[in-house]
Each structure stands twice: as C-alpha cells, then as structure tokens.
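The structure appears below as structure tokens.
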C-alpha cells in the first residue's frame, strides 16, 4: 500500500513540474540560445532547446 501511495505522489509531482513548461516558437541551436529570450519573456532563465525550439520553464523559485 505504501508503494502505491508513493507512486501516485511521484506521478503528481512529475505532472506538476511538466505543467510549468511553456513551448515556444523561439528558434535555437543549443540550450544556451534559450536562456536570454526565456528570461525576457517569462522572467525565468530556466530553458531547454528541444527540436530546435526553446522550451521555457516558468517555475523559478526566487519569484
């Protein structure tokens, strides 16, 4: 029973983190190309370059 509870809790945490991901049309060649545009647009420099487009995260802990 404890394992099932932990599995549900882990799944909810993963889904909540994915909800903070914002897909954009900002072109990129590497993750470092995304930091500045994402910080300007979402006030958070957390980003990834995926499929040549920036994905910004808007869950910065210091906001």
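Backbone N, Cα and C define each Cβ position, glycine as well.
Summarising the annotation, Swiss-Prot assigns disulfide bond to 28-49, 34-54, 38-56, 44-60. What Swiss-Prot lists as signal peptide is 1-21, and the listing cites experimental evidence. Marked as site 'Basic residue of the functional dyad' by Swiss-Prot: 48. Taken from Swiss-Prot, the feature site 'Important for activity' covers 50, 51. Here Swiss-Prot flags 57 as site 'Aromatic residue of the functional dyad'.
What Swiss-Prot annotates, mapped onto the structure for a quick look.
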residue: 28; record: disulfide bond; DSSP class: coil
residue: 34; record: disulfide bond; DSSP class: coil
residue: 44; record: disulfide bond; DSSP class: coil
residue: 51; record: site 'Important for activity'; DSSP class: coil
residue: 56; record: disulfide bond; DSSP class: strand
So which one is it: of the disulfide-bonded residues 28, 38, 44, 56, 60, which has the fewest other Cβ atoms within 10 Å?
60
Could you tell me which of these recorded positions, 50, 54, has the greatest number of Cβ atoms within 10 Å of its own Cβ?
54
Can you give me the Cα-Cα distance between residue 49 (disulfide bond) and residue 57 (site 'Aromatic residue of the functional dyad') in Å, rounded to a whole number?
11
Within 10 Å of residue 54 (disulfide bond), Cα to Cα, which of the disulfide-bonded residues 28, 38, 44, 60 are there?
28, 38
Tell me which residues of the chain lie with their Cβ under 8 angstroms from that of residue 57 (site 'Aromatic residue of the functional dyad'), as long as they are six or more apart in sequence?
20, 21, 22, 38, 42, 44, 46, 47, 48
Near residue 34 (disulfide bond), which residues of its chain come within a Cβ-Cβ distance under 8 Å, counting only those 6 or more away in sequence?
26, 28, 47, 48, 49, 54, 55, 56
List the Cα distance (Å, whole number) between residue 50 (site 'Important for activity') and residue 60 (disulfide bond).
20
